[in-house]
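K.L.:
Residues or ranges marked as compositional bias 'Acidic residues' in TrEMBL: 49-59. Feature annotation from TrEMBL assigns domain 'Yip1' to 101-273. The region 'Disordered' annotation in TrEMBL covers 29-61. According to TrEMBL, the feature transmembrane segment maps to 120-141, 161-185, 197-222, 228-250, 257-281.
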Amino acid sequence: MATADDLKFQEFDDAANLLAANPDATTISIDEPVEIPKNQHSRLQEPGREEDDELLGTDDSDKTELLAGQKKSAPFWTFEYYQTFFDVDTYQVLDRIKGSVFPVPGKNFVRLYIRSNPDLYGPFWICATLVFTIAVSGNLSNFFIHLGKPTYHYVPEFRKVSIAATTIYAYAWLVPLALWGFLMWRNSKVMNIVSYSFLEIVCVYGYSLFIYIPTAVLWIIPQKVVRWVLVVFSLCLSGSVLVMTFWPAVRDDNRRIAVATVATILLLHALLAVGCLAYFFDAPELDILPPIIPAHNGTVVTKSH
């Protein structure tokens, strides 16, 4: 039959022996709160650290990105691989559109809306809608500008659809591709730079173009002052989304390079808006109409250049 000594826990005996050998040893009770090391406590209390992590998209967002990458394990030649890029619902798309139209000061668009599930559905249809909106609104604008002139004959310019599609889709894909390559190159030079994925950059640029859809509709108004006010207003909204997204990624780089990168992003964004306004809505080819010279026999002769 087992004695009382045999029923004792050997672990407690070992602990008692260790305490007897070293009375000054530190013991921890499960009832006592665990003390946070000083270096971790200072990191938690460091001012602005949490905001920097949120702007840069580090910590939890990087883990989320890695988990998202593990989900997209299908081969790239399969339909399932590309299906993941369109795996969004209506509420997500509307939420991202709202975030691009009403940017939150100091908040990263990728961190708030994109990083959990970047998509191509929203950018594709935003660009497609913008193409037809600019083409149709441009034709209507030219019609209203020259309406009532006796020598003007309205002819719909369907070629503007292809020109608008080439311009907008080239901007929405080539500029993000160049920016992604630049961030990857600078990331190899400076360790602190945060590099976004190509899909995330395309997603940001695609949603940032949404504000130009209602702007293009309002460009039908034949007042240049109103049009330029709309251009500036649209640039302020969409440009702020791009700046608040990409400035945290380059601000730890050389100061001149960081400022030049952001300035180039804004310049290309402004050139797209101004170029579309000048080409599709100002119609310079119709501003100067051929003069009408009356002939002596009563016929009308149009002087060609």
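Here the Cβ of each residue, glycine as well, is placed from N, Cα and C on the backbone.
Keep in mind that this is a model prediction, so the values were computed, not measured.
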K.L.:
Please compute the mean pLDDT of the model over the domain 'Yip1' (101-273).
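P.N.:
Taking every residue of the domain 'Yip1' (101-273) together, the mean pLDDT is 88.
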K.L.:
Which of 120-141, 161-185, 228-250 has the most Cβ pairs closer than 8 Å to the transmembrane segment (197-222)?
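P.N.:
So the stretch in question is 120-141.
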